[in-house]
């Protein structure tokens, strides 16, 4: 009888990626198969997120439900990972002593050993260390699940924004070696992946060591990934404006595989609030980067993150944010009411904006962005869009579903043989959360770009020219 594993995941795409790696790791090492039913599981893992308010209490409520399962199944192993685990550590077991394993985002690769120790009666295991890149060296080979895949290229953040827990829960910035990233993506391409989404808490801060001892910048990595046969689309998230340098903008001029969509969080349109947030950029600098990006890629759409009701945010500060939203014409946003995160500098500031004021501001902000998103969608009406076909539509399984370059979901009628490839579709209807279209042609009628060899891309780098952060590049001869 096979052993069963249930993983419940909260939070960002990095957590989703980590959970998929946990499943692959425990399958490869111990033969665990995933189940959607916690009652069937031999191991229950909760991968947590600490971004939202009352994250800790949410964890203990979930653990309380699992406690009942363990009462009926004493051999059940319960583990808690993710950012709340990093923050709370032993405190989790103090409040929930039936938890067997507490592990951080950087120690998930040690799960097989920790589970074995628990099952052998060696007691509970707590490991929330930051062993840098060791995690990636211990994971099994990637397995594709469709035409798109996430690939983590770096971990952590060294910016220490006053509201953010990431540096404390995932550590400072650590980049994976360039060769490791390219090898993983090449493996995925061999399995039919056509689109990769490069992940990192501050992904454009990537500075990966190379085989020759030099440093690969994020801009160089984008070109190298684009050169891998079979990879026709590249997305990445999440970016920081201060690291969105000119060499990255240049990539948008000559690398069509990088999609015409960018998520670049600004958080606020007020320089005063940005300073209090310890964001090392101004509104003018942000707008300047977007202006240069649109000169390089005129059809690009932009999304962002916004925090409303940050301590001491005045009506004038909020109006500055609304002005920025209209000037940039954001396509979408992840917008949140500010709530203090324990252990961050902002948690020591008075949370002095009334909750009703916060709610009104958030509703107004989201209303404007939703209207802008609809206008951008309507501008696509009648156009031909290239869709990466992901599978049957959730609205109608007799139809297909895919995404445009600018991340719009499109539903259309077509043969299921199109799944996993590209299709050109004429947009016939615009809805609030999706588009409808008419199939025009399949991939066999397209002239897709032929990839070049990675070494040719490397040879394009100028000798010993520092990039925007002063890191010199090495050109092999």
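Note that Cβ sites are derived from N, Cα and C of the backbone, with glycine treated the same way.
Here's what Swiss-Prot has on this protein:
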type: BINDING; residues: 12, 49, 83; note: [4Fe-4S] cluster 1 binding site
type: BINDING; residues: 157, 161, 164; note: [4Fe-4S] cluster 2 binding site
type: DOMAIN; residues: 3-120; note: domain 'MTTase N-terminal'
type: DOMAIN; residues: 143-375; note: domain 'Radical SAM core'
type: DOMAIN; residues: 378-441; note: domain 'TRAM'
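The structure, with features from Swiss-Prot marked on it.
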{"residue": "12", "record": "[4Fe-4S] cluster 1 binding site", "DSSP (3 states)": "coil"}
{"residue": "49", "record": "[4Fe-4S] cluster 1 binding site", "DSSP (3 states)": "coil"}
{"residue": "83", "record": "[4Fe-4S] cluster 1 binding site", "DSSP (3 states)": "helix"}
{"residue": "157", "record": "[4Fe-4S] cluster 2 binding site", "DSSP (3 states)": "coil"}
{"residue": "164", "record": "[4Fe-4S] cluster 2 binding site", "DSSP (3 states)": "coil"}
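Figure note: comparing Cβ neighbours within 10 Å for the binding-site residues 49, 83, 157, 161, 164, the maximum is reached by 83. When the domain 'TRAM' (378-441) is classified with DSSP, helix, strand and coil residues number 5 helix, 34 strand, 25 coil.
The distance from the Cα of residue 49 ([4Fe-4S] cluster 1 binding site) to the Cα of residue 164 ([4Fe-4S] cluster 2 binding site) comes to 12 Å. Other Cβ atoms within 10 Å of the Cβ of residue 12 ([4Fe-4S] cluster 1 binding site) number 19 in total over all chains.
Reported as a whole number, the C-alpha separation between residue 157 ([4Fe-4S] cluster 2 binding site) and residue 12 ([4Fe-4S] cluster 1 binding site) equals 15 Å. A gap of 18 Å separates the Cα atoms of residue 161 ([4Fe-4S] cluster 2 binding site) and residue 12 ([4Fe-4S] cluster 1 binding site).
Between residue 83 ([4Fe-4S] cluster 1 binding site) and residue 164 ([4Fe-4S] cluster 2 binding site), the C-alpha separation comes to 12 Å.
The DSSP breakdown of the domain 'MTTase N-terminal' (3-120) into helical (H, G, I), extended (E, B) and coil residues amounts to 63 helix, 25 strand, 30 coil. For the pair formed by residue 12 ([4Fe-4S] cluster 1 binding site) and residue 164 ([4Fe-4S] cluster 2 binding site), distance between Cα atoms is given as 14 Å, rounded to the nearest Å.
Within 8 Å of the Cβ centroid of the [4Fe-4S] cluster 1 site, not counting the listed residues 12, 49, 83, the chain contributes 10, 11, 14, 15, 48, 50, 51, 82, 169.
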